[in-house]
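The structure appears below as structure tokens.
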Amino acid sequence: MGVNSNRVDDFSSHGNTLKITAEAIMPPTEIHRVCLPPYKTTREKLKQKLGEIFFPDDPLYRFKNQTLVQKLVLGLQFFLPIFQWGPEYSLTLFKSDIISGLTIASLAIPQGISYAKLANLPPIIGLYSSFVPPLVYSILGSSRHLAVGPVSIASLVMGSMLSETVHPSEEPILYLKLAFTATFFAGLFQASLGLLRLGFIIDFLSKATLVGFTAGAAIIVFLQQLKGLLGIVHFTSKMQLVPVIASVINHRNEWSWQTILMGFIFLAFLLTTRHISTKKPKLFWVSAAAPLTSVTLSTVIIFCLRSKVHKISVIGYLPKGLNPPSINMLEFDGHYLALAIKTGLVTGILSLTEGIAVGRTFAALKNYQVDGNKEMISIGLMNMAGSCSSCYVTTGSFSRSAVNFNAGAQTAISNIVMAAAVLVTLLFLMPLFHYTPNVILATIIITAVIGLIDYQAAYKLWKVDKLDFLACLSSFAGVLFVSVPMGLVIAVGVSVFKILLHVTRPNTLVMGNIPGTQIYQSIKRYREALRIPSFLILALESPIYFANSTYLQERILRWIREEEDWIKANNESALKCIVLDMTAVTAIDTTGIDLVSELRKMLEKRSLQLVLANPVASVMEKLHLSKMLESFGSNGVYLTVGEAVSDISASWKSEP
């Protein structure tokens with residue numbers, strides 16, 4: 001049978017009852033010896049293992065073969081990326097950065113005020129959070145396009161978690177203290193992950209769970225804005241779907257037609273500008289300027305008609321001036337410390353995940369690299385600094401970063417320009433926001449979170465991986481019907497369950513030979529792959545650990561039983577040898593070694609030979625140290641499946 005080696009066919013289910021004789025297999029030129037890996041001391045092994053875990057990117061490679069002065073310069077650039085691109089900064093780059101900085105400022109100012117309301121904080125806190133953190137990030141951050149400030153999801157989570165215990169309107173000072181304290185712990189957690197190089201922890205939030213969590217949180221954010229969009233005065237503080245809808249219906253006597261009319265007019269305006277910018281990316285400035293335009297127009301309208309539209313609530317007085325220090329408001333003891341720590345950890349994980357994902361997205365578009373651990377440190381330090389200067393949790397915003405990217409930002413100076421614009425606003429323009437209607441803030445938030453509902457990604461999950469879709473759906477339902485933090489817990493739980501499922505129930509495949517070659521593939525996947533008489537060739541596709549050793553033993557014995565039943569039904573040659581293809585077995589522990597030993601003894605009692613093919617270096621070393629290889633003898637371990645079949649077949653022929 002001729003085989004085209006460049007062709008891959010998909011035969012997901014077909015019964016392969018053909019066979020190929022051992023003589024028809026292309027014999028190897030020689031039987032290769034399976035070698036042990038080079039000897040290493042325990043210290044060397046530990047050093048290599050820790051290096052692979054914590055330093056997979058080898059961050060110190062640039063320091064090799066450098067003089068002391070060069071190492072000092074490289075160290076300064078490593079910890080403060082601004083010194084890396086700063087010396088090459090030019091007026092041309094500044095022109096691009098100042099345009100992009102002013103553009104994102106027009107978006108950051110109204111969003112900052114809006115997101116602070118979402119977190120049940122005074123609106124001025126949102127502007128404070130758009131001033132100090134961007135300055136810190138511009139010095140420490142490694143992304144050129146990340147626009148820093150408050151974000152909707154972290155604001156919602158902080159607001160929902162803190163308000164469950166402390167009511168923001170009844171105890172505003174305590175609530176504000178807890179928000180700053182939670183921000184401090186969020187930053188401490190983020191910076192610690194970066195310093196200890198434990199960023200892999202956030203990888204437990206898979207994309208599938210984040211799609212569901214973000215969509216559920218976006219819907220909750222949208223429903224919460226119905227209070228401002230409809231002009232409701234008394235509204236539930238709960239975040240679940242049912243209580244929010246019930247509150248909207250039960251308080252329909254508070255609906256204000258004036259508020260509804262203004263809200264839907266400006267919502268239509270914002271959605272239209274968003275659609276224009278989506279269809280024509282060159283017109284990004286249309287949607288970027290729309291929120292500030294809406295705030296300006298609505299404020300002028302309310303100011304001119306303030307005697308006739310008194311039912312439309314406004315922001316009210318906002319104090320002028322720079323961020324007041326808040327280090328004295330951090331609560332490190334007392335009854336609410338556990339709440340602040342828990343809120344900080346949850347919001348820290350979410351904001352860190354969003355910030356790194358956004359930074360890497362735009363870095364890939366411009367072909368440069370963002371260091372995840374340095375990003376954790378910079379985001380963490382900016383939140384710690386922010387907690388001491390009246391700011392709450394901030395990170396890289398996708399909407400503002402997209403505007404920053406499209407506006408032509410070249411470096412992190414755009415964040416400094418944005419912070420300068422916010423500074424001017426804080427010093428001189430705050431009285432102008434007195435008559436800004438709250439309904440406009442609601443429409444700005446609604447417009448921002450609509451883009452977080454990625455139904456196309458959910459549909460792709462359904463088409464590609466049903467288990468990923470289940471994880472997405474579970475986190476989505478958890479946010480909507482239980483709570484936002486519990487939705488996050490469910491998302492992580494489903495992700496961990498999926499990992500455990502893959503670890504404890506690995507794939508095992510029956511392999512066959514593709515005639516005329518030394519290639520062995522699954523007989524269920526390839527029609528060309530044919531069974532070898534008297535051989536059962538099994539491929540194991542995972543490490544062998546204590547968690548899956550029992551399952552693997554039971555599954556291998558079942559494969560043997562099914563093979564023997566098939567042989568009886570088809571009058572084939574009796575089964576004599578089981579070959580375990582260990583190419584994909586990347587690791588083995590002592591329980592796994594015991595499994596191999598017990599399996600060999602069980603099969604030996606049934607006059608069946610067990611052979612191992614292509615064990616990797618670490619597996620081979622452990623089998624050697626455990627004296628397991630001695631029990632297999634000289635013809636028990638082979639470099640390839642083909643060599644194992646050919647050599648064992650030849651030994652059978654030589655027997656009398």
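The backbone N, Cα and C atoms fix where each Cβ goes, and this holds for glycine too.
According to TrEMBL, the features are:
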type: TRANSMEM; residues: 123-140; note: transmembrane segment
type: TRANSMEM; residues: 174-198; note: transmembrane segment
type: TRANSMEM; residues: 255-271; note: transmembrane segment
type: TRANSMEM; residues: 283-303; note: transmembrane segment
type: TRANSMEM; residues: 336-358; note: transmembrane segment
type: TRANSMEM; residues: 412-433; note: transmembrane segment
type: TRANSMEM; residues: 439-457; note: transmembrane segment
type: TRANSMEM; residues: 469-497; note: transmembrane segment
type: DOMAIN; residues: 525-648; note: domain 'STAS'
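The average pLDDT computed for the domain 'STAS' (525-648) is 90. Distant neighbours of the transmembrane segment (255-271): 228-232, 287, 290-291, 294, 297-298, 301, 309, 311-313, 437, 439-440, 442-444, 446-447, 450; these residues of the same chain sit at least 6 beyond its ends, with a Cβ under 8 Å from one of its Cβ atoms. Among residues of the same chain six or more beyond the transmembrane segment (412-433), those with a C-beta under 8 A of the stretch's C-beta atoms are 81-82, 89, 93-94, 97-98, 100-102, 104-105, 108-109, 112-113, 123-124, 127-128, 130-132, 134-135, 137-139, 141, 143-148, 295, 299, 315, 318-323, 404. Same-chain residues lying 6+ beyond the ends of the transmembrane segment (439-457) with a Cβ under 8 Å from its Cβ atoms: 110-111, 113-115, 117-118, 123, 152-153, 207, 211, 214-215, 217-219, 221-222, 225-229, 231, 259, 262-263, 266-267, 270-271, 274, 291, 294-295, 298, 312-313, 315, 398-399. In the domain 'STAS' (525-648), helix, strand and coil residues by DSSP number 60 helix, 22 strand, 42 coil.
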